[in-house]
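Novice: Below you'll find the structure I mean.
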Amino acid sequence: MTRTGKDYLDALRDGRTIWLDGERVDDLTTHPAFRRSVRSIADLYDLTAEHPETLTASVPGVDGPVSRAYQIPRTKDELKAKGRAFKLWSEATFGFLGRSPDYMASAVAGMATVPGVLARDGFDGSANLLAHWRRMAEGDLYQAHTLVNPQIDRTKAPSEQMEDDLCLRVVAERDDGIVVRGAKMIGTAAALADEILVGVTQRMPPSEADYAVSFSVPVAAPGISFVSRTSYEARATSVFDYPLASRLDENDALVVYDDVFVPWERVFAYRDPEACHAQFWKTPAFVSFVHHGATRFWTKLEFLTGIAILVAKANNVYDMPPVRMQIGKLLSWVNTAKALVVAAEELCEPVPGADAVMPHRETAYAQLAVGPDLYPKVINEIKLLAGGGLIQLPSSYRDLLRPEVAALLGKYVKSPGYDAESRIKLFKLAWDAVGSEFAGRHDQYERFYHGAPHVYLPALVREGDPGRYAALAGRCLDGYELEDG
Ligand SMILES: Cc1cc2nc3c(=O)[nH]c(=O)nc-3n(C[C@H](O)[C@H](O)[C@H](O)COP(=O)(O)OP(=O)(O)OC[C@H]3O[C@@H](n4cnc5c(N)ncnc54)[C@H](O)[C@@H]3O)c2cc1C
């Protein structure tokens, strides 16, 4: 069954260990660093009841209806329906919640499509994974993930770091489960979720078996703590001044696992680098990440382009030919982002070994390269369009409430069709989207949320069809000889 926003908020009061500004956070739902952002996530859950036809699905073998993100698409139509569900939620958050609950839900559904890749000599995690998918779907649970070892010395394997337990590893095996110790980065929204899936997407040699483990644990499991980054929500002086940071700060944290016990039934891959790799790359899990991420990215570019249009109109430059060129460029980028989603769905391919389809991998993975390139260009174009208006803004909404200052702002800050309040409101939103610390984090997010480029870009070659392109060039070469002159 699907949850309400209240169900989600109630579940957050479970004693989880979150550190922020030297203090332990007591209750996310009331804390100034989290309360509005968790409310935004709760609003997503509430949207489900308003749009059940888009956001839910009946899934064979699972008590439902469940969130559509947990559905395993069997046909192109089901895959497209999943894309529409991603679009609806991402529009509700303007593309600024990267790790909304549907992100990881769809990857878990991807893993459950071919659980057999986890049936290995030594350990078979396939039944655990299937049971996990069912439990997460039936509970409409919010899963975060930490897949990357902390950035300590990237020239060395996890076992070669200056201490044994810096990267998460198995430290004990018991009859009823395993004990893990170490850290993982970056847990986006992990502090706001119900469970964290730990895994590894990067290939590791057999010598690193202790570090090759995948499992899921509740966020409040004993031994787990989150060291949160600066809270943009807490620093946001008001919703009017920082409309995005104050409400859509999904939080990022170093996640420390200090002798965390994991029962066997929650383990998916155990001391097995191949199984860890297969969990993401031999199932539709990674391409499902990309399907969601690309849909959200398309929405974010739509939103940013909308801001650019409003800013150009507010400055009354919208009809100037060079400005039309700038807006045209933005529209071309929005449609590039859209085309990648539509094409990956339209060209969907069968999942080997399963009665299911997945987005066309080579097309979908193009987003991995295109997204990080496009995002800074979009931001740059909006900054160029907006000029000094992004900076010449009163310090806070309070200036508009103070009659002496409001009189000055009313006289000197306005545009055709915009009084001081509406112009300041628009430009403050634009600043939060392109220039604030929150905006800076999004710039970095769009570059790295899929992992490091040297890890994910080779996937384009591995999972794509480079031979086809080489053959085309080869056919041209074969068409003439030295003797042809
Ligand atoms: C805002 C944000 C949120 C994120 N959220 C999550 C999340 O929720 N869950 C999660 O699991 N991950 C998440 N990530 C991704 C993850 O934590 C890493 O940031 C990402 O995998 C990149 O790894 P890294 O930062 O350690 O970069 P590194 O691997 O250190 O790479 C940084 C740069 O160093 C160079 N470099 C390093 N090693 C090599 C090499 N072997 N070959 C060539 N060049 C190299 C390259 O220039 C590379 O771009 C997030 C990242 C960001 C920025």
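Even glycines carry a Cβ here, placed using N, Cα and C.
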Novice: Of the candidates T113, T188, which does TrEMBL annotate as part of the FAD site that also includes H145, T146, L147, Q151, I152, D153, R154?
Specialist: T188
Novice: Validating a neighbour-count step here. Other CB atoms within 10 A of the CB of T146 (FAD binding site): how many?
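Specialist: Excluding its own Cβ, T146 (FAD binding site) sees 22 Cβ atoms within 10 Å.
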Novice: Using only the residues recorded as binding FAD (H145, T146, L147, Q151, I152, D153, R154, T188), report the maximum Cα-Cα distance in Å, whole number please.
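Specialist: Farthest-apart Cα atoms in H145, T146, L147, Q151, I152, D153, R154, T188 are separated by 22 Å.
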Novice: Could you check which of the binding-site residues H145, I152, D153, R154 have their CB within less than 6 A of ligand 1?
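Specialist: H145, R154, in sequence order.
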Novice: For T146 (FAD binding site), what is the secondary structure by DSSP, using just helix, strand and coil?
Specialist: strand
Novice: Including all protein chains shown, what's the count of other C-beta atoms within 10 A of the C-beta of I152 (FAD binding site)?
Specialist: 13
Novice: Within 10 Å of each Cβ, count the other Cβ atoms and name the one among the binding-site residues Q151, T188 with the highest count.
Specialist: T188
Novice: Note down the number of other Cβ atoms within 10 Å of the Cβ of R154 (FAD binding site), including every protein chain shown.
Specialist: 8
Novice: Non-local Cβ contacts of L147 (FAD binding site) (under 8 Å, 6 or more apart, same chain)?
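Specialist: Residues satisfying the criterion: K184, V198, G199, V200, T201, F280, G451.
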